[in-house]
């Protein structure tokens, strides 16, 4: 295994781990921020698609394009719900709940594709469920507490992330650049009716800096590094490196915002990531399917 692709993957995951911190500095609500993110990603990745010459080698399939666009709907709203969660709760708690997605993939996959749940799979679901309850806390178990805490948005983000991954499993003919270009281009039109352009009138230079970093760096550059390294790495290596994302997110949250989880929340976070580790032990699949599944990570 070459060191270059590993470093690129590490850099992409580390950069993405800071997206929660930067999103809180933009001064924009979730719909507006994701709208800008879609524009930036479409421009940046469209340019990469053109410069690399991938557009010349595309094998278009009508059925697959429909699947890509449906997957794109889940991807875009996954971003909206995640940023909404960041608005209402700490990045640490939101990102921990968001990373329930691999476990939801396991659970939904058992129903949608009749995949048999292993003992480890059942254990991971149970462990993550207990971890989620500990993070939420007793006070938030009421309907009012649940709705006002941001937990609903974090859970919806995790669910849409899981759906994006499952739908992406069947995308095998279209390049990663084309897939993401189509999805973010669709996102621009999906979000346009919900955007409040007045929110952009009172932004400071610092706000615009955070917005452009979130759009071009956290989306454009990260996707480029992610895709460019993906094909050269083994699944096990990718599965370990993606943990850099939540690790950096939690580190920045505690270092710069002063967030300090309670003992129960800390225990819940540990349990969720412990449950995630169990999901890494899967049956090997073909390199092609692995690559296109991993491409659908909700960056």
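Cβ from N, Cα, C; glycine included.
Residues or ranges marked as domain 'EamA' in TrEMBL: 9-136 (among others). Helix, strand and coil counts from DSSP across the domain 'EamA' (9-136) read 104 helix, 0 strand, 24 coil.
As annotated by TrEMBL, domain 'EamA' applies to 149-280 (among others).
Below 8 angstroms of C-beta separation, residues 36, 83, 86-87, 91, 94-95, 199-200, 202-204, 206-207, 210-211, 213-214, 217-218, 221-223, 225-226, 228-230, 233, 237-238, 241-249, 251-253, 256-257, 299 of the same chain, each at least six residues beyond the ends of the transmembrane segment (7-28), sit close to that stretch. According to TrEMBL, the transmembrane segment annotation covers 7-28 (among others).
The transmembrane segment feature in TrEMBL is assigned to 34-53 (among others). Within the chain carrying the transmembrane segment (34-53), a Cβ under 8 angstroms from the stretch's Cβ atoms is held by residues 28, 76, 79-80, 83, 175, 177-178, 180-181, 184-185, 187-188, 191-192, 194-195, 211-212, 214-216, 218-221, 223-224, all 6 or more beyond its ends.
According to TrEMBL, the transmembrane segment annotation covers 65-82 (among others).
Residues or ranges marked as transmembrane segment in TrEMBL: 88-110 (among others).
Long-range contacts of the transmembrane segment (117-138) within the same chain, counting only residues at least 6 positions beyond its ends with a Cβ under 8 Å from a Cβ of the stretch, are 93, 96-97, 100, 103, 106-107, 110, 146, 149, 151, 262, 264-265, 267-272, 274-279, 281. Positions annotated as transmembrane segment by TrEMBL: 117-138 (among others).
Residues or ranges marked as transmembrane segment in TrEMBL: 150-168 (among others).
Tertiary neighbourhood of the transmembrane segment (175-196): same-chain residues 29, 31-32, 34-35, 37-39, 41-42, 45-46, 48-49, 52, 54-55, 57-58, 65, 68-69, 71-73, 75-76, 80, 168, 219, 223, 227, 230, 291-292, 295, selected by CB-CB distance under 8 Å and a gap of 6+ residues from either end. Residues or ranges marked as transmembrane segment by TrEMBL: 175-196 (among others).
The transmembrane segment annotation in TrEMBL covers 208-226 (among others).
The feature transmembrane segment is assigned by TrEMBL to 238-256 (among others). Sequence-distant contacts of the transmembrane segment (238-256), counting only residues of its own chain at least 6 positions beyond either end whose CB sits under 8 Å from a CB of the stretch, comprise 6, 9-10, 13-14, 16-21, 90-92, 95-96, 99, 230, 269, 273, 276, 280, 294, 297.
Taken from TrEMBL, the feature transmembrane segment covers 262-280 (among others).
Mean pLDDT for the domain 'EamA' (149-280) in this predicted model: 85.
Among residues of the same chain six or more beyond the transmembrane segment (88-110), those with a C-beta under 8 A of the stretch's C-beta atoms are 20-21, 24, 82, 116-117, 121, 124-125, 128, 131-132, 135, 148-151, 153-155, 157-159, 161-163, 165-166, 245-246, 249-250, 252-254, 257, 259, 261, 265, 268-269, 272-273, 275-276, 279, 298.
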